[in-house]
Amino acid sequence: MLDLAFIRNNADTVKEAARLKNNTIDIDALLELDRRVVTLQHEVEEARAQQNALSKKIQQAAKEKNVELRNQYIAEGKQLSESIKEKEPLLTQLQEERYQLLLLVPNIPDPSTPVGKDEDDNVPIKYWGEKTQFDFPALDHYDLMQRLNMVDIERAVKVAGSRSYALKGDAARLELALMNFAFDRLARKGYTPVIVPSMARDFCFVGNGQFPKGRDQVYEVEGQDLYLVGTAEVSITGMYKDEILKAEELPLTFVGYSPCFRQEAGTYGKDTRGVFRIHQFNKVEQYIICEADHEVSVRWFEELERNAEELIQALELPYRIVNVCTGDMGDGKVGMHDIECWIPSENRYRETHSCSYFHDWQARRANIRYRDAEGKVHFVHTLNNTAIASPRILIPLLETHQQADGSIRIPEALRPYMGGQEYIGR
Ligand SMILES: Nc1ncnc2c1ncn2[C@@H]1O[C@H](COS(=O)(=O)NC(=O)[C@@H](N)CO)[C@@H](O)[C@H]1O
């Protein structure tokens, strides 16, 4: 959410941001509604002030035993109460309408964000590692997993329907190894490990920006104010709602873990083979709460990205980084980079990590603030990036490290989390 005063004073900038982000919000309608709220608010406050003045006049008239004047004031007071009683419900309703519109206003993209319509317009900015070449007929992740008895999709689909899977054998161990590997590396950097609720209340999803627009991507717990999170980002944002932190407490740096649940509405027929796009997966998440300063946010954005690169390089996976364009980045982001790992079987890079900074767009929605050294209160800045999301990361991992004999080499960095094992299938 943007500051209402900012929108009032920078309507064209906000309209341009909405246009660049394919966001259809009507800023003029929002500002018109805002003017009605401000006018009505002023009338109600005026009427209240007159009521206070009148009650003093009534007391004064009573003291002077001036019955006629006193009755006149009382009559005036009644009229005022009537008009306040009539205006207040309308004011409350218009304020709620304005708030619901404010939630739909996008953040302003950083000038370094490429202008574009969709992911095809994302701009590659860095490549690392040579695209894997094989001197034997290489298999895709699903064939590799089936041959090594590491996945059971049929039975999982029986249990939970389409886009379900069960990891078995060394793939199941790999997933937990990857979670521990990511948790460990970030905890050693001083990030606070946190295992958060995977069911969260509505306000958490409003806080990170998933609601109201992305409600169709979220599973709801029937009859309760509880929804399954699509990322630990939702729960961490919700944990700090309505808090005023001390400046010296910042930055808060988290490495979070949660199962993630996504409806994947609108992706029917896309990525249906294997485990690329599923309804439930596990993710280790990097999350920062820092002071409200653009340079500070950018430094954390760069650190979060470097952290992910370190993990991917340790897994010896070729990847590239793309600067996500305005049409693909979503409402809340100021800047966003995706890291895409090379998928040999698809002969292309595909997203495995997503790194974003928001300035105070999320913090305003979740009302997360801090008091600076002078005692002034500001909304914080928030950022997040994937550390490792599995089983999607298993796709480049298994494919890239497959051997001619059909086994799979486990990268050095992962072996300590796999009991020292060096290969799968040997
Ligand atoms: N439906 C899905 N199936 C498998 N993996 C997924 C799915 N959706 C997202 N992921 C994985 O989770 C990563 C992060 O998802 S994201 O929506 O892009 N970004 C976030 O959730 C942020 N909180 C950063 O992690 C993706 O890059 C991808 O690796």
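Here the Cβ of each residue, glycine as well, is placed from N, Cα and C on the backbone.
No curator has checked TrEMBL annotations; they are predicted automatically.
In the record from TrEMBL, residues T231, A232, E233, E285, N384, T386 bind L-serine; the candidate from R262, R306, R409, R415 listed for the same site is R262. Residue ranges 30-64, 100-134, 310-344 are listed, and TrEMBL annotates 30-64 among them as coiled coil. Taking only the Cα positions, the spacing between S354 (ATP binding site) and T386 (site 'Important for serine binding') is 6 angstrom. Distant neighbours of the coiled coil (30-64): 4, 7-8, 11, 70, 73-74, 76-77, 80-81, 83-84, 87-88, 90-91, 94-95, 97-98, 101-102, 105; these residues of the same chain sit at least 6 beyond its ends, with a Cβ under 8 Å from one of its Cβ atoms.
Candidates R262, Q263, T352 (binding-site residues) were compared with T386 (site 'Important for serine binding'); those inside 10 Å Cα-Cα are T352. Comment: ATP site residues R262, Q263, E264, E351, T352, H353, S354; largest CA to CA distance 19 Å, whole number.
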